[in-house]
Each structure stands twice: as C-alpha cells, then as structure tokens.
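I have placed the structure first, in the form of structure tokens, so that the comments after it can refer back to it.
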Amino acid sequence: MSPAMANPRVRKFNPIAFTPLPVTLITTIVYLAVLILVLVTYLVVPPAPTLEMSPRGVNLTEAWRDLQHLTGGFHPYNSRRNDDVHAWLLHRIEAIVREHSAAADDVPEVFVFDDNLSNLTYSNGGVSKSPIVGVYFESTNIIVYIRGSEDDPQNWWEWSNGKPKGKGGVLVNAHYDSVSTGYGATDDGMGVVSLLQLLRYFTIAGNKPRKGLVLLFNNGEEDYLNGARVYSQHAMSNFTHTFLNLEGAGAGGRACLFRTTDTEVTRFYKNAKHPFGSVLAGDGFKLGLIRSQTDYVVFNGVLGLRGLDVSFIAPRSRYHTDQDDARHTNVDSLWHMLSVAIATTEGLVSYTGTDFDSKTTDQDKVNSGDGTLGVWFDIFGSAFAVFRLHTLFALSVTLLVSAPLVLFITSIALSKTDRMYLFSMSKSLGGTSETVSLRGLRGLFRTPIILTVTTVITIGLAYLLEKINPYIVHSSQFAVWSMMLSVWIFVAWFLARVADFFRPSALHRAYSYTWIFIATWIMLVISTVYANQKGIAAGYFIFFYFAAVFLATWVSYLELFSLPRKGYYAHQTSRGQRRRSSSLSSRLLTPSADELPSDIGPNGAENLGDPDETDPTESTSLLRGQRTTFANYRTGGNSGVTEYTAEGEHVREAGIFGHEQSWSWTLPRWTWILQLLLLAPIVIILVGQVGLLLTTAMSQIGSDGVSTFIVYLACALLSTLLFAPLFPFIHRFTYHVPTFLLLIFIGTLIYNLVAFPFSPANRLKIFFIQEVNLDDGTNKVSLTGIQPYLTNTINAIPSAAGQTANCTQGPFGSLVRCSWSGPPPRVVKEDPGNDQTMGPYTWISYNITKTVGKNEARIKVSGRNTRACKLKFDNPVADYRISGSAVDHRLPHTSRQGVAEIRLWSRTWENTWVVDVDWHSNPVKPGESKDGDEKQDVSKNELSGKVICLWSDNNESGVIPALDEVRLYAPAWVAISKSADGLVEASHDFIIQ
C-alpha cells in the first residue's frame with residue numbers, strides 16, 4: 001500500500017499556515033520590502049524636474065549657476081570676497097526685479113534695503129555662573145520686501161517710529177556668509193539661491209502674494225548669529241510674524257524639517273511634495289542634545305516670530321570643510337530645498353486666517369499669537385502627518401486605560417466560556433480528584449528572558465565597539481546597523497528554537513504579545529508623562545507602536561475562542577486514557593493496522609464516522625467536521641495528572657504543530673499574518689525612521705569630541721524595538737535566514753573591530769588656528785582633534801618635525817589641542833623695507849585711557865587688513881559700551897557674572913572701535929601683598945587682558961602658510977575646519993593700572 005493511502009490525512013501545503021516555510025518567506029518579504037522603502041527615502045533624493053516641468057517662474061539651471069558662482073571661494077564675514085558676494089547679490093536682485101517689472105504690469109512692488117546702518121551691542125546671555133561674551137556687530141544684511149496685495153499701501157518704514165497696519169508678513173531667511181574653511185554650498189548657499197528663486201517666483205504676473213514677503217539675505221550667521229540679531233533693529237523685523245529659515249548643517253541629501261515653533265505653522269509644510277523630517281530633531285534641541293544653533297532661535301526667541309527651520313543634516317564630515325562645495329552636492333538636493341521653500345512660503349503668504357496676528361503675552365515681541373506644541377513626521381518622504389501634542393496626550397491616556405481594559409474583559413469572557421488556556425496548568429475532572437494537564441504555562445517567561453538576553457548582547461557589542469574601534473560608525477553606520485540587527489535576529493531565533501524544542505507551546509505568540517504589550521505600555525506611560533510635563537513629542541512613535549501591539553495582542557486572545565472548552569477537552573482526554581488503558585492488556589493480541597477492519601482506526605480506536613452524520617451532543621466538537629477525541633496521548637508520572645500527546649505515534653492530529661499542546665488543533669492557522677501586518681509595517685516605518693535619523697545626524701559626532709557610545713546604544717535598543725514584532729513568529733523560522741545572518745554578523749563584527757574608521761569620503765575633522773604674540777614675535781599653530789589621529793596628522797606636517805608638540809585638554813569632551821611653532825602668517829602686507837621679524841609688525845593699533853580715580857577706561861582698537869577684533873580680560877568687566885552702538889533690552893549686553901570677552905565686528909575695513917569699560921576692584925588673594933608689606937586684603941584696581949584681531953581670509957595661497965601646509969600634508973582622511981572665528985589671531989597684552 002502506498003504511503004498516501006496508508007495515511008489518508010496527509011496535509012496539503014497551506015501557503016499562509018503558521019508553519020516554517022510560509023512564516024520564513026512572508027515575514028522576510030514584509031520586513032525587506034518596508035525596510036528598503038525606508039532606506040530609499042533616506043538615501044535617494046527625489047530627482048529635480050526638467051525645465052519644462054519646473055514651476056512657472058522658477059529657473060533651476062539659473063539657480064545652479066548662481067550656486068556655483070557663490071561658492072567660488074571662501075566668503076566669511078571677515079573676508080574681501082564677502083564684500084564681493086554682497087555686491088553680486090545686489091546685482092542679481094536688481095536684475096530679477098528689473099526683468100519682471102518690465103515684463104508685465106501686474107507684478108508686486110519690490111523694495112530692496114541694503115542695510116548698512118543697523119548695529120547692535122548684545123551678549124550670549126551667560127551660562128550658569130560663567131562670565132558672558134559681549135558682541136558689537138554692524139549689519140551688511142540685504143532685505144527684500146515684496147508687498148502683498150493685502151498689505152498697508154503706505155511706505156510706513158519711512159516714518160519715524162512707523163508701524164505697519166494689517167496682518168503680519170512672512171520672513172524667509174538665509175545667510176550668505178560661509179565659514180573660513182568652507183565654500184558654503186549647503187551652508188548656506190542653497191538657501192541663498194533659493195531666496196533668489198523665491199524672488200523670481202513671487203514677482204512674476206499671477207504669483208503676487210496676498211501677505212507681504214520679506215527675503216532676508218543675512219550676513220554674519222557663522223560668527224554667533226550676528227546677522228539675525230542685528231536684523232532686530234530694522235523696521236521690517238516689526239512687520240513679519242512668521243518665518244522660514246533655510247540652513248545647512250550637512251552637505252547634501254534631503255533638506256530636513258529641523259524644528260518648528262508650533263502645530264499651526266507646521267501645517268503649511270504639508271504643502272511640500274517631498275516632506276522630510278521628524279519632531280525628534282526639534283526635541284533634540286529642547287533637551288540640549290544638539291548644541292549648535294541657527295537663526296531660528298533669534299527669530300522665535302527674541303522677536304517672537306512663529307516658523308520653521310529647514311536644514312541639510314548630512315554628511316556632517318563635509319560640514320564647514322572644503323568639501324561643502326558644488327562638486328560634492330547636486331541639483332537634486334538644491335531642488336528639494338527650493339521646492340520645500342516654495343510650497344511652504346506660498347502657503348504662508350496665502351493664509352487668510354488670524355492665527356498669526358493675535359496679541360501675545362510678551363509685549364517685547366510681535367503680535368504673532370500663541371501656537372500649540374505639535375507632533376509631526378513624514379512617511380516615506382511623500383506624506384506628512386502633523387497634529388497637536390495635546391491630541392497625542394489625550395489619545396495616549398485613552399489608549400493606556402482602554403487597551404488593558406479590553407484585554408481584561410476579553411480574558412474574563414474566555415474564563416466564562418472555559419477557554420482561558422493562558423496561565424492554566426491543568427483542569428480537574430468534575431467529581432473526581434483526577435486532573436488533566438493543559439501545559440498552559442509553557443512559554444510564559446520565554447519572551448522577557450530571550451528579549452533581555454538579545455538586548456544585553458547588542459548593548460555588549462556597543463560597549464565593545466566603544467572600547468576597540470569607537471569611531472567606526474563615522475564612515476560605516478550601515479555596517480554597525482547590519483551587525484546589530486543580524487546578531488539580534490540570530491540570537492533570538494536560536495534561543496527561541498531551543499526553548500521550543502524542549503518546551504513547545506501553542507501559546508508562544510499570545511505570551512510574546514502579552515509581554516510586548518506590557519513593555520510598550522510602560523514606555524507609553526513614560527512618553528506621555530514627558531509630553532505632558534516637558535512638552536517632549538519625540539516619543540510619538542511609541543503611541544503607534546503600542547496601538548499596533550494592542551491590536552496584535554487582542555487577536556491572540558480572540559484566537560482562544562476557537563479552542564474547545566477546557567472541561568470538554570479534559571473529559572475527552574480522560575475517555576481516551578481509559579480506552580488506551582483497557583487496550584494495554586490485549587495489545588499483544590491486537591492485529592496490525594493492515595489487518596484491522598476498515599472501520600477501525602490505526603490507533604486501535606473505532607472510527608466513529610463523519611460527525612456531521614450524527615446528532616450533536618454535549619461532547620460534539622464546536623467546529624463540525626473535526627475530530628472530538630485526542631487519541632494520541634502520553635501518560636504522566638505518578639502525580640495523578642495525565643497528559644496526552646502523539647509521542648510514539650506516526651499519525652498526528654490535524655492542526656497540531658510538532659509537540660505542541662493537543663488542544664491547539666482548532667487554533668486558526670492564518671491569524672499570524674494579520675498580526676504581522678498590523679504591527680510590523682508601522683514599527684518598521686516609524687522606528688526605522690527614528691533610527692536612521694539618529695544615526696545619520698549623530699554618526700559623526702565623534703570628531704567633535706562627543707562619545708560615540710550613545711550612537712551604538714541607540715542602535716542596540718532600536719534593534720530590539722525594530723524586531724520585537726518578529727519575535728512571536730521567530731521560533732517558526734527555518735535555519736536558512738538566521739544562518740545567513742550569522743555569517744553577516746561575523747563579517748560585520750570583524751570589519752567593525754579592525755577597519756580604519758575614516759576615509760576620503762568620510763573625513764575626520766581637525767580644527768586649525770594660528771596665534772601670534774605681537775609682543776615677543778612668537779607664534780604657535782594649534783590643531784584640535786581626537787587622539788591618536790591628531791598625533792598622526794601632526795607627524796605628517798613638515799614644520800612640526802623635530803618639535804615636541806605641546807598637547808593639552810581641548811575645549812570639549814575628548815578633544816585634545818596640540819601646538820607647535822609654525823611658519824609665520826602674512827595676513828598683513830608689510831612695507832618692502834621692513835624686516836620679517838614679528839616684533840616691529842604694526843598689525844594692531846590700540847590706545848587705552850583710564851579715568852582718574854575710577855575703574856573706568858576707554859580702549860581704542862584698530863587692526864590692519866581686518867574688520868574683526870576682540871578684547872579678552874583676565875577678570876571680567878562689569879559693563880561696557882561701544883561708541884555709536886544701539887542697545888536693545890531684548891538682547892541684554894551685560895550680566896551679573898560680568899563680561900570676559902568683547903567681540904567687535906565692523907562693516908568697514910581697518911575700523912577703529914571705541915570701547916568704554918567699567919570693572920570692579922579685585923580683592924587680593926589670601927597670602928598676596930601688593931607692596932610686600934604685611935599680608936592683608938587690599939584692592940587691586942588694575943585690569944589686564946589682551947587686545948586681539950582676527951584674520952579669516954583664506955582665498956589666496958601663501959597668506960597663511962601654516963594652513964596651506966596642513967592642508968597639503970595632512971592625510972587624505974583628514975578635513976581641516978576652523979577652530980574659532982579667525983584662522984589667525986594676533987594679540988598684544990595690556991594692563992590698566
């Protein structure tokens with residue numbers, strides 16, 4: 001007889017059954033499909049449109065050429081090329097306005113303000129008990145006002161204390177200065193050329209804005225947001241109520257929505273065709289995890305405007321280096337920022353409501369109204385979700401209460417119907433002391449143990465990388481991700497398979513989802529508390545995660561209604577046990593299966609025929625057409641508890657997998673797919689987005705002296721969050737995928753431990769400055785970076801050969817600063833007859849006049865071939881005043897901690913600043929004596945410090961030979977960036993007695 005005929009119940013292949021092959025294939029396909037979509041969103045920039053498909057009024061070819069011209073050289077505020085860029089921008093603006101005004105009559109009025117009058121004295125506000133830094137700055141901003149159709153028709157800014165009537169306008173800002181070591185293609189050239197295209201777009205016929213639009217080309221952002229601060233002194237700062245800030249903190253890719261002030265203004269970003277960003281970045285600023293700032297903090301914090309911050313965020317290794325140029329970016333990135341700017345600005349200038357024009361509680365700020373905190377994130381870079389944080393809080397509280405309640409009610413219903421197999425060890429037979437084992441506790445603690453072990457292993461790998469090769473994530477973030485994810489899946493699969501081998505359980509899924517439900521419930525509680533008390537919305541993904549987990553868990557509980565009643569199962573099992581016991585005595589006389597009559601089953605039990613052909617009774621199966629007895633069994637030990645399985649038999653009950661509980665044969669075999677689709681896609685999308693955003697933004701923070709362990713720890717924890725939805729099914733996986741992932745893990749682990757962390761495409765940033773002491777003629781070149789790579793770089797510099805570099809702790813974290821004597825700079829052109837010693841150089845002119853009998857002095861400072869100087873004091877001064885400067889109580893220039901440094905910026909070259917300073921008497925330290933007499937506390941009325949001037953122009957070779965040398969001889973994997981506002985700082989010491 002053929003095998004098929006011998007076993008008429010051979011199962012047919014079910015492509016959606018909860019069996020190894022379908023589970024392995026379907027889960028792999030789902031995870032790969034969604035992960036690939038998430039990766040494509042982050043790695044592929046949407047292509048720029050052709051000229052024919054571009055919006056009317058936008059010329060992308062022209063924008064790219066403008067970017068190439070703008071980035072033709074370094075143009076920091078303190079450089080001659082910065083003046084050239086300023087003049088070029090005025091020319092381009094005038095050309096665009098002239099072209100459109102001549103082309104049609106129905107175009108808006110345009111007013112161009114070349115602001116060479118505004119100035120301001122202010123400070124950094126102080127940190128803790130530290131003295132503050134004071135700043136004096138003179139504006140060279142260019143402000144373009146496009147009058148809206150509903151704007152005040154009068155030129156109100158021409159009147160003394162004139163104020164606009166009607167609704168507030170919209171500000172779009174970008175800064176046209178670069179750092180001294182970067183060409184500024186993305187920081188902030190793309191923002192600047194986007195402003196030029198916005199000017200072109202809104203000045204053609206048919207595109208006239210309803211509300212006035214102000215385009216601010218600000219100068220001086222890189223040196224402490226100076227351009228935005230001095231904009232506060234211009235009349236237009238009182239007109240605008242909303243803003244869009246265009247920035248660059250990377251060197252390409254997609255422009256990310258960095259942060260926003262409120263929900264209402266964020267909704268205009270939904271107009272973008274390719275939105276990109278998450279509220280997670282904005283909360284990073286709130287929590288202080290992101291230290292750098294943009295003009296956003298001035299527009300919102302000082303002026304009270306409501307708006308958005310859009311910025312490039314990667315790769316950080318090119319930020320502020322010579323690779324921030326047009327060659328290392330592309331027109332697609334330019335189009336992404338420009339398209340976002342057009343869509344958002346068009347929405348803002350077309351808005352007819354009054355949300356941004358109501359009174360505010362702070363009288364020092366514009367009447368832009370009060371917004372609500374928001375939650376926002378993109379989906380595959382094609383859709384954008386935005387809603388109020390209060391809404392998230394309300395939904396979270398509702399779900400935190402209702403989800404456990406629903407599961408509790410479902411559990412009660414299961415208990416009432418005698419189908420609550422969860423947490424059930426056995427079932428007593430009515431009227432007897434005999435119990436039947438249900439094995440319902442199998443797998444109860446499997447999930448927390450295995451998930452804890454896998455997470456601990458990934459965290460251990462994070463520690464290992466931090467100790468052995470801490471900066472590998474700088475260039476190989478995907479190798480780190482691959483290592484973490486592959487080891488997580490393999491370890492989880494291996495442990496789950498071992499547990500399933502020794503203690504198989506049909507309740508594995510239900511217990512797994514229950515534990516995940518508990519864990520995510522706790523996470524949502526924490527997230528909800530932070531949202532309510534601190535306004536932190538970064539945990540938004542936990543709400544959706546928990547909601548999906550709840551639904552998947554509920555499905556597992558609802559599945560249990562398909563099981564037989566526990567009492568019925570125990571009764572049927574007991575009958576089977578008695579039949580088997582009665583047959584043991586005659587087993588030797590029992591004929592073989594081939595000798596049995598056709599109505600006798602292969603296990604010695606009579607075939608009762610089709611149950612559909614009999615009248616139903618109390619013992620009839622709830623699911624007709626299914627067997628109601630459990631003929632395959634095993635007798636337990638001497639405990640009096642009996643348990644029945646198919647052990648020792650070749651024919652298994654239909655629906656039972658392996659050696660799982662025999663009562664599980666009626667469980668649906670397809671609901672696992674529903675659970676997978678309910679949970680996995682939303683988790684991959686949201687957690688994958690969070691993970692990529694974190695590692696993309698933070699993978700290269702090591703070069704700034706920040707510990708990279710936080711990046712590895714994030715990868716480890718997010719791996720658990722990302723693949724926890726897979727765990728309820730992972731014990732069904734075949735060995736093929738986990739074995740392949742084990743090989744991936746071994747390969748990536750070896751690579752991550754031994755590979756060199758930097759490359760020409762992902763360079764290590766090292767920071768340069770040269771300091772010259774004009775009193776004794778000495779100079780020192782200083783490089784700041786991380787060890788041992790800093791030493792490797794210095795060893796490659798010819799001028800450092802034969803010298804012992806003096807290394808000290810750097811300004812932050814693990815940074816180290818090393819100095820040596822280098823070739824002298826030539827930032828000031830000397831008379832041909834002058835010798836080349838440093839002493840006679842007259843780079844800085846200064847004069848100090850002390851007021852008799854008072855701790856007051858007037859300091860006049862001027863530097864040759866520069867427009868940036870500063871005063872540093874050994875002891876902070878109490879107050880200072882700059883001749884001819886404006887002050888603004890919104891931007892205080894002093895504090896109780898005193899002022900340790902005063903930075904001076906001028907729009908004119910070789911300007912003379914006049915600074916008046918006041919200082920307190922400084923008590924002599926114990927043990928000191930002013931005149932060598934008896935030790936006593938006397939006052940020292942002197943003030944000492946340095947007069948320093950800065951040079952930042954690096955466009956001509958040979959002006960700063962030390963910088964040229966470092967760039968020429970540093971390894972290819974090193975990028976040179978500025979260490980301070982100036983590349984060269986020259987100083988004189990002074991003492992005022």
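Even glycines carry a Cβ here, placed using N, Cα and C.
Summarising model confidence by region, the topological domain 'Cytoplasmic' (1-24) averages a pLDDT of 70. Residues annotated as topological domain 'Cytoplasmic' in Swiss-Prot: 1-24 (among others).
The feature topological domain 'Vacuolar' is assigned by Swiss-Prot to 46-391 (among others), with similarity to another entry given as support.
In the three-state DSSP scheme, ASN59 (N-linked glycosylation site) is classed as coil. Neighbours of ASN59 (N-linked glycosylation site), defined as other CB atoms within 10 A of its CB across all chains, total 16. For ASN59 (among others), the entry in Swiss-Prot reads N-linked glycosylation site, with the evidence type sequence analysis.
There are 14 other CB atoms within 10 A of the CB of ASN116 (N-linked glycosylation site), with all protein chains counted. Secondary structure at ASN116 (N-linked glycosylation site), as computed by DSSP, is coil. Under the heading N-linked glycosylation site, Swiss-Prot lists ASN116 (among others).
According to Swiss-Prot, the feature N-linked glycosylation site maps to ASN119 (among others). Here ASN119 (N-linked glycosylation site) comes close to TYR136, PHE137, GLU138, SER139, VAL230, GLN233, GLY884, SER885, ALA886: these same-chain residues lie at least six apart in sequence, with C-beta atoms under 8 angstroms from its C-beta.
Taking a C-beta cut-off of under 8 angstroms and a sequence separation of 6 or more, GLU221 (active site, proton acceptor) has the following same-chain neighbours: HIS175, ASP177, ASP188, GLY227, ALA228, THR294, ASP295. In the three-state DSSP assignment, the secondary structure recorded for GLU221 (active site, proton acceptor) is coil. Positions annotated as active site, proton acceptor by Swiss-Prot: GLU221.
The C-beta environment of ASN238 (N-linked glycosylation site), restricted to residues of the same chain at least 6 apart in sequence and closer than 8 Å, consists of LYS163, PRO164, VAL366. Residues or ranges marked as N-linked glycosylation site by Swiss-Prot on the basis of sequence analysis: ASN238 (among others).
Its own atom aside, the Cβ of TYR319 (site 'Transition state stabilizer') has 24 Cβ atoms within 10 angstroms in the protein chains shown. DSSP gives TYR319 (site 'Transition state stabilizer') a coil state; it is part of no helix or strand. Taken from Swiss-Prot, the feature site 'Transition state stabilizer' covers TYR319, and the record attributes it to similarity to another entry.
For the topological domain 'Cytoplasmic' (413-447), the DSSP-based tally of helix, strand and coil residues reads 6 helix, 6 strand, 23 coil. Among the features that Swiss-Prot reports, topological domain 'Cytoplasmic' is placed at 413-447 (among others), with the record citing similarity to another entry.
Taken from Swiss-Prot, the feature topological domain 'Vacuolar' covers 469-475 (among others).
As annotated by Swiss-Prot, topological domain 'Cytoplasmic' applies to 497-509 (among others), with the evidence given as similarity to another entry.
Feature annotation from Swiss-Prot assigns topological domain 'Vacuolar' to 531-534 (among others); the stated evidence is similarity to another entry. Counting same-chain residues at least six beyond the ends of the topological domain 'Vacuolar' (531-534), those with a Cβ under 8 angstroms from any Cβ of the stretch are 286, 389, 392-393, 396.
The annotation topological domain 'Cytoplasmic' is assigned in Swiss-Prot to 556-672 (among others).
According to Swiss-Prot, the topological domain 'Vacuolar' annotation covers 694-709 (among others). Packing against the topological domain 'Vacuolar' (694-709) from elsewhere in the chain are residues 42, 280-281, 284, 290, 313-317, 462-463, 465-466, 470-471, 473-474, 477, 480-481, 715, 718, 762, 764-766, 785-786, 810, 812-815: each is 6 or more residues past its ends and has a CB under 8 Å from a CB in it.
For 731-737 (among others), the entry in Swiss-Prot reads topological domain 'Cytoplasmic'. Under DSSP, the residues of the topological domain 'Cytoplasmic' (731-737) split into helix, strand and coil as follows: 2 helix, 0 strand, 5 coil.
Look at Swiss-Prot and you will find 759-993 (among others) tagged as topological domain 'Vacuolar'.
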For ASN238 (N-linked glycosylation site), which DSSP three-state class applies?
helix
Cβ under 8 Å, sequence separation of at least 6 from the ends of the topological domain 'Cytoplasmic' (413-447): give me the contacting residues as numbers and ranges.
496, 499, 503-505, 507-508, 510-512, 514-516, 557, 560-561, 563-571, 573-574, 636, 640-644, 661, 663, 727
For ASN847 (N-linked glycosylation site), the one of ASN116, TYR319, ASN955 that lies nearest, given that the recorded positions are compared by Cα:
ASN116
Looking only at the topological domain 'Vacuolar' (531-534), what are its DSSP counts of helix, strand and coil residues?
4 helix, 0 strand, 0 coil
Could you check which of the recorded positions ASN116, TYR319, ASN806 is the closest Cα neighbour of ASN59 (N-linked glycosylation site)?
TYR319
For ASN116 (N-linked glycosylation site), identify the closest of the recorded positions TYR319, ASN806, ASN955, judging by Cα separation.
ASN955
May I ask for the distance between TYR319 (site 'Transition state stabilizer') and ASN806 (N-linked glycosylation site), taken between their Cα atoms and rounded to an integer number of Å?
28
Cβ-Cβ distance under 8 Å to ASN806 (N-linked glycosylation site), same chain, at least six residues away:
LYS780, CYS818, SER819, TRP820
Glycosylation sites compared (ASN847, ASN955) - the one with the fewest other Cβ atoms within 10 Å:
ASN847
Any residues 6+ beyond the ends of the topological domain 'Vacuolar' (469-475) with a Cβ under 8 Å from its own?
317, 695, 699-700, 702-703, 707-709, 711-712, 752-755, 757-759, 761-762, 764, 786
Under an 8 Å Cβ to Cβ limit, what residues of the same chain, 6 or more beyond the ends of the topological domain 'Cytoplasmic' (731-737), are close to it?
18-21, 23-24, 27-28, 489, 493, 496-497, 499-500, 508
